[in-house]
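Feature list (source: TrEMBL):
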type	residues	note
TRANSMEM	44-77	transmembrane segment
TRANSMEM	98-118	transmembrane segment
TRANSMEM	130-149	transmembrane segment
DOMAIN	179-210	domain 'Palmitoyltransferase DHHC'
Amino acid sequence: MNTTRIWYRALDECGYDLNGNTKILPMGLTPWVRSKNALSKFFFLWPFLMILAAIWILSNMVVFVAIPLMLLIVYALQWMAQQVANHGPPEYRILQKTPYLSGVFAGSLFWVGFRYAFYLLPVTYSSSPIANLLFTLFFSLTTYFYYCAMSEDPGFVPKMGSRNQERAVVTELFEQWRFDEENFCVSCMIRKPLRSKHCKRCGRCVAKHDQ
């Protein structure tokens with residue numbers, strides 16, 4: 001049936017070799033790569049290193065050497081991150097579904113604040129107080145709203161309080177001929193509002209999960 005290739009790919013995605021044995025990574029990295037908590041921290045912090053390397057190269061080398069070298073280094077670091085993702089749990093195989101992009105913004109924010117606090121502010125605080133005050137204000141607001149976007153409730157659909165409520169909702173949908181995946185989430189056991197979607201990463205239905 002020509003399913004050998006699919007079988008081998010499934011083994012690889014689940015972390016097994018062609019003989020069904022668990023893949024062992026060098027330097028004892030296997031438990032770290034298999035850990036979702038460790039991988040989340042890695043993908044969030046990895047862009048900090050990438051941004052630092054890119055900025056350092058562009059700041060300390062002549063432009064016709066810095067640009068191609070920076071692109072090469074960033075590509076190499078990106079490739080390393082993708083290799084880690086390929087050996088991690090299935091939900092981490094796509095970088096866009098990891099904290100990687102959040103780390104890009106956080107890394108940019110961190111290095112801007114670091115450079116400002118230790119290099120610009122000491123030499124401009126007396127000559128440009130208003131500009132420094134405005135920058136500090138907007139930087140603080142950006143950090144605050146970023147933190148809120150990362151930590152606040154995105155709009156989870158509340159779950160039912162009891163089995164009887166779930167049974168009543170299922171019965172109502174059956175009577176209306178609307179018991180399907182568009183109107184009911186079998187994972188959360190709730191009626192799905194319009195534009196809502198079940199988030200596989202957080203395991204909850206989000207009320208306005210527009211793509």
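Numbering starts at 1 and runs along the chain as displayed.
Every residue gets a Cβ built from N, Cα and C, even glycine.
Mapped onto DSSP classes, the domain 'Palmitoyltransferase DHHC' (179-210) shows 0 helix, 10 strand, 22 coil. Long-range contacts of the transmembrane segment (98-118) within the same chain, counting only residues at least 6 positions beyond its ends with a Cβ under 8 Å from a Cβ of the stretch, are 39-40, 43-48, 50-52, 55, 81, 85, 92, 135, 139, 142-143, 146, 150. Counting residues 6+ beyond its ends, the transmembrane segment (44-77) has Cβ neighbours under 8 Å at 99-100, 102-104, 106-108, 110-111 in the same chain. The list of residues near the domain 'Palmitoyltransferase DHHC' (179-210) in space but at least 6 beyond its ends in sequence, with Cβ under 8 angstroms from a Cβ of it, reads 91, 97, 154-160, 166, 169-170, 173. For the domain 'Palmitoyltransferase DHHC' (179-210), the model gives a mean pLDDT of 76.
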